[in-house]
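Per TrEMBL, these features apply:
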type: TRANSMEM; residues: 12-34; note: transmembrane segment
type: TRANSMEM; residues: 64-83; note: transmembrane segment
type: TRANSMEM; residues: 103-122; note: transmembrane segment
type: TRANSMEM; residues: 278-299; note: transmembrane segment
type: TRANSMEM; residues: 337-355; note: transmembrane segment
Amino acid sequence: MLKKMPLYVGMHVLRMTLMVLVVLLGLDFMISFIGELDNLSATYSSVQALFYLGMQLPIKAYDYLPVAILVGILIGLGGLANANELVVLRAAGISLTKILSWVLYPLFALIVAMMLIGEWIIPELEERAEIFKAQTRSGGVDLAVHGVWHREGQDYYYFDALGGDGLVYGVVRYRFDAQGRMQESLHADKAYYNQDHWVLAGVRRAQIQTGQADQMQRIDSRILINLRWETGLTPELMRLLLLDNRRLSLQDLWAFAQFRQAQGLDVNEPMMNFWRKVLLPITTGSLILVGAAFIFGPLRSVAASTRVFYGIVTGLVVKYAQDLLGPASTLFGFDPIWATLGPSLLCILFGLALLRRVA
């Protein structure tokens, strides 16, 4: 009988985790659909909104996985504790470490599978979902992501939209001198990549010339059909710039961070998302440890609803701590890796302390 216990315990917790994940996805789907009702139009129907939200499900599953695992452990191991099965295992000489290993094997397989999905499927799926939504809302116009600012040296850019065909629509550039005075304002209808450089089309450019007295200014306005655009942005970097970098692959996040660093820009956000993906096993493992510590400790004999409550609260505290420490790393100058690793280490220390008291 004991030979079957590792599989029994592990699969029981895995089933509870998947059940919690399905419930969370269902609730999120309903709430998101209600939010999408405001966006419905003649071209963007409720069926298309449902299809768009369906494409978002794997992305949401990736986001909810740590909390789902924590709550799944609390429900799964909690159910075994209520049925006195954990007591029998302990009486048979099975250590806490051994029981934890039974739980960890299937859950880490789930984590690895989700990491592979996050690396290879989610980036492409996110882009396709946003393009589908933008196309349907715009009546078939091939637009994708809207509205982003970018800086290169003393040039400040705003890009209105990225087309699915690689075109960039609504390019605005403001150029300043070293003293912060505007030298040029440029508006282009679109930009396209021609072999090794960008070309701006439908250009309206206004150059501001300052006189010797630093008071006299003259504005020279011109309309150009095409203009060569010198920039460090490649089509791939342009795509990364206009997409939500939380959904990018590790390779794309690293390339995007290196580009921003070369431009002298802040790399906190892409690096924070990079480390959040890399450290997902540690983050989730710390929550597994806390969940197990709760079951063998203070939550051993409470109702299932209480365990779920504690699980959701703990998961949200860790998530919000990571979200708050991200901007704090820029403000106080510490490495973004600690925005993710710090809360996880605290969870590990807290879980080990609880388990040590029980042991």
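Quick reminder: no glycine exception, Cβ is built from N, Cα and C everywhere.
Curation does not apply to TrEMBL; its annotations are automatic.
Of the Cβ pairs linking the transmembrane segment (278-299) with the transmembrane segment (64-83) and spaced 6 or more residues apart, 3 or more are under 8 Å, so the two regions touch. Sequence-distant contacts of the transmembrane segment (64-83) (same chain, at least 6 residues past either end, Cβ-Cβ under 8 Å): 9, 12-21, 24-25, 28, 103, 107, 110-111, 114, 280, 283-284, 287-288, 290-292, 294-296, 299-301, 304, 307-308, 310-312, 314-316, 318-319.
Same-chain residues lying 6 or more positions outside the transmembrane segment (12-34) and placing a CB less than 8 Å from one of its CB atoms are 49-50, 53, 56-57, 60-61, 64-65, 67-69, 71-73, 75-77, 79-80, 103, 106-107, 110.
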